[in-house]
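What TrEMBL records for 11, 14, 27, 31 is Zn(2+) binding site. What TrEMBL lists as S-adenosyl-L-methionine binding site is 71, 100, 101, 188. If you look up TrEMBL, you'll see 10-43 marked as domain '23S rRNA (guanine(745)-N(1))-methyltransferase N-terminal'. Marked as domain 'Methyltransferase' by TrEMBL: 93-162.
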């Protein structure tokens, strides 16, 4: 699938088009990038990022939790928005901070001619994303730097519980494309925050998101997604282990806190899924 998705990619060194020849991505100026045997390619160049990608254990925990269906309603909401056609263009979808590729795969499934590109700084995540769907390819890249994507190449961009880089998304998104962002509310997983010591959701997150998006994007849809899930200890361990709390809590502390919980815990899932369109498209409409 990387051969088809390569039409979206830009050389991270010179910004030229990239083509796949055998197991190497090449640009016209001779820069080359080897495809790993697991199917992903790293387009990271220059100094190492200061941000920590998900570890293999975090990625495994995320796969376990998401594959159990606990966040299916979120994935369905995102896919419903992606399913709305944008002109006559075949969907070309990039997920930034794609993790296992779970949400991207659901979005790609909405259209037989859709292609997906998962971007993540974690090689462990890229390995998973590369096999998330037959029409998805995975690239290791830093979401805070220039994305290795050609200008206007994608119809949809997704940021689901992940970093947002509005300036770069505005550049790679076609003029009438959609940027779909899912962010947790302060109620998300609230029943686990105090007992386990999980990282709290900043109550100012929604305001900051609006400010960061306001210059280049107009919000055209906002869908609250809130429901309860019943989690046993294994599922609680997975949801804690897949997120930022995994960086802050030792395995022993996590295990002791989870052991003190009831055998099954009712936990709130609370997320807002927003769809944004570039302001240029709004103005031109």
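Each residue, glycine too, has its Cβ placed from N, Cα and C.
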Report task. Between the Cα atoms of residue 27 (Zn(2+) binding site) and residue 101 (S-adenosyl-L-methionine binding site), find the distance and write it as a whole number of Å. Result -> 26
Report task. Reduce the DSSP letter at residue 188 (S-adenosyl-L-methionine binding site) to three states and note it down. Result -> coil
Query raised in the report: Cβ within 8 Å of the Zn(2+) site's Cβ centroid: which residues qualify beyond 11, 14, 27, 31?
Result: 10, 12, 13, 15, 16, 18, 28, 29, 30
Query raised in the report: So how many other Cβ atoms are close to residue 11 (Zn(2+) binding site), meaning within 10 Å of its Cβ?
Result: 22
Query raised in the report: Which one is closest to residue 188 (S-adenosyl-L-methionine binding site) in space, judged by CA to CA distance, out of the binding-site residues 11, 14, 31?
Result: 11
Query raised in the report: What count of other C-beta atoms do you get within 10 angstroms of the C-beta of residue 27 (Zn(2+) binding site), across all chains shown?
Result: 19
Report summary line: Cβ contacts within 10 Å for residue 71 (S-adenosyl-L-methionine binding site), all chains included, total 21
Report summary line: Across the domain 'Methyltransferase' (93-162) the predicted model averages a pLDDT of 97
Requested in this report: Measuring CA to CA, name the entry from the binding-site residues 11, 14, 31 that ends up nearest residue 100 (S-adenosyl-L-methionine binding site).
Outcome: 11
